[in-house]
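Have a look at the structure below, then the notes.
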Amino acid sequence: MATLIRSKISNKLSNAATAVSNKSQAKVSGMFAKMGFQAATDEEALGFAACDDLDYDHRQGMQMEILTSDDMGGEGSGEGGAMDGDSHYQRDGTGLPHSGSKDGGPTDELSEEKPKITAWEAGWNVTNAIQGMFVLGLPYAILHGGYLGLFLIIFAAVVCCYTGKILISCLYEEDEDGQLVRVRDSYVDIANACCAPRFPSLGGHIVNVAQIIELVMTCILYVVVSGNLMYNSFPSMPISQKSWAIIATAALLPCAFLKNLKAVSKFSLLCTMAHFVINVLVIAYCLSRARDWAWDKVKFYIDVKKFPISIGIIVFSYTSQIFLPSLEGNMHKPSEFHCMMKWTHIAACILKGLFALVAFLTWADETKEVITDNLPPTIRAVVNIFLVAKALLSYPLPFFAAVEVLEKSLFQDGGRAYFPDCYGGDGRLKSWGLTLRCSLVVFTLLMAIYVPHFALLMGLTGSLTGAGLCFLLPSLFHLKLLWRKLLWHQVFFDVAIFVIGGICSISGFIHSMEGLIEAFRYNIQE
């Protein structure tokens, strides 16, 4: 009897405890439901478990970093400490992005300490991207846009700065302690996260295609501008613009054998300084003709047919979002990224606006697609030769990046690769890998020969991939990944940028294609 009584009491206590537990769980679920969360399904529970594992790895990595810094005698403190003044932006234990290896898999590089860059060095890289040769087409945009073109130079700077920041914010998520943890490493990772779980790799494929198009079009533009500049520098020579493009491409064939950019990167600073000097020379010449400036030619009305092309030109001159995740991942203090983006885009906006306005005021309706073609013959030849040298030395950078994306997507994607690896066991390039690279160089030449229109190609690229990578995708990804944390004005900005960017992209693409078709049909030369 006593045993039976104890059994009943035990059952009642167990049932009561279960009821209390269920009620408390229901209250907690209801509370979370009111806050906008839903009960976790089995798939979500697996995702939470994966996040727990990620958080555990992150904490273990942080502990290993602390032990390592202690063993090195406090070397991580002071100016050299990667975590100094930067506790809000934490890294995983490796300190390196997962995309550091060539094939995307783990390598010995993860155990090595890569040198971090300062905010000034990061700003120099961004400046090189948005202050390159393609500013030579901005006066042509003012020709068809007037004061609205100047406004768009400012507007594009503001929008690209904002979308660069929100793109980086998509790399981070908060852990249980409210700290921001970097859980993604690249633009492709962000795109895949937005398309998961139904299409986990679709977003990455879209971004890769857009990157390849933009990089290859950049290579084509370098060949086009080289042929254009040489032809206009020596008009008396019996060599056509297409022939100059072929000569330039012959000098670029060694790019097919590149395995890394060490041999080319040493010239980047020299090229940038040369381009800066060229800009100063052009502006100095324009200032010398300030008395003849045609202020009355700067209008408020626009050329409806050609102005959308100008939008693409302006947007393309600001494209840098492709490499921003990698750049921020290698910064010594990632918390300084936002400040760096502000001053680089403010400087770019001022310099581009002044350069475009001053050059247009000097030549007004005679402004050509490449502004250096307006210079007197003696100055033009010297300036253009320097520009051609810069274009040829800049070509390997986008070319090598495009080759890496193609090789990783088609040849080195683990078990999902479509073709065998381009490299042998000894690291030597195989025949089909060399064929791919040579074909890419020849393709850029053919495009430069048959479509030798710098401004139209630049406008087409800016409208197609520039607007997508700089306007549409960052705002869409920001809304998708951080929807629950966004304030109303952030949602408004993202939606507005997406709508405006979509309209500009479609109109610019249509008018650029119409311009190219017209130029091809009537054999119009620049």
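Just so it is clear, glycine is given a Cβ too, placed from its N, Cα and C backbone atoms.
Automated prediction, rather than curation, is the source of TrEMBL annotations.
Per TrEMBL, the feature region 'Disordered' maps to 68-113.
According to TrEMBL, the feature compositional bias 'Gly residues' maps to 74-83.
If you look up TrEMBL, you'll see 116-513 marked as domain 'Amino acid transporter transmembrane'.
Taken from TrEMBL, the feature transmembrane segment covers 147-168 (among others).
Residues or ranges marked as transmembrane segment in TrEMBL: 209-231 (among others). Listed by sequence, the residues of this chain that lie at least six past the ends of the transmembrane segment (209-231) yet keep a Cβ under 8 A from its Cβ atoms are 133-134, 136, 187, 239-245, 247-249, 252, 319, 322, 369-370, 372-373, 384-385, 387-388, 391-392, 394-395, 398-399, 401-402, 405-406, 440, 443-445, 447-448, 451-454, 457-458, 460-461, 464-466, 468-469, 473, 526.
Sequence annotations record features per position, and here TrEMBL assigns transmembrane segment to 243-261 (among others).
Residues or ranges marked as transmembrane segment by TrEMBL: 267-287 (among others).
The transmembrane segment annotation in TrEMBL covers 307-324 (among others).
A Cβ distance under 8 Å defines the sequence-distant neighbours of the transmembrane segment (344-364), meaning residues of its chain 6+ beyond its ends; these are 123, 126-127, 130-131, 135, 138-139, 141-143, 149-150, 153-154, 157-158, 160-161, 279, 282-283, 285-287, 289, 292-295, 297-298, 317-318, 371, 374. Taken from TrEMBL, the feature transmembrane segment applies to 344-364 (among others).
If one looks beyond the transmembrane segment (434-451) by at least 6 residues along the same chain, the residues whose Cβ comes under 8 Å of a Cβ in the stretch are 216, 219-220, 223-224, 227, 242, 245-246, 249, 252-253, 255-257, 399, 402-403, 406-407, 422, 457, 516, 520. The annotation transmembrane segment is assigned in TrEMBL to 434-451 (among others).
According to TrEMBL, the feature transmembrane segment maps to 457-479 (among others). Through the fold, the transmembrane segment (457-479) approaches residues 134, 137, 159-160, 163-164, 166-167, 169-170, 187, 190-191, 194, 207, 210-211, 213-214, 217-218, 220-221, 224, 308-319, 321-322, 451, 486, 490-491, 493-495, 497-498, 500-502, 504-509, 511-513, 515-516 of its own chain, all at least 6 residues removed from its boundaries and within a Cβ separation under 8 Å.
With a cut-off of 8 Å between Cβ atoms, the residues of this chain six or more beyond the transmembrane segment (491-510) that come close are 159, 162-163, 166, 308-309, 311-312, 315, 459-460, 462-464, 467-468, 470-472, 475-476, 478-479. TrEMBL lists 491-510 (among others) with the feature transmembrane segment.
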Query = If you count Cβ pairs under 8 Å, which stretch among 147-168, 243-261, 267-287 touches the transmembrane segment (307-324) the most?
reply = 147-168
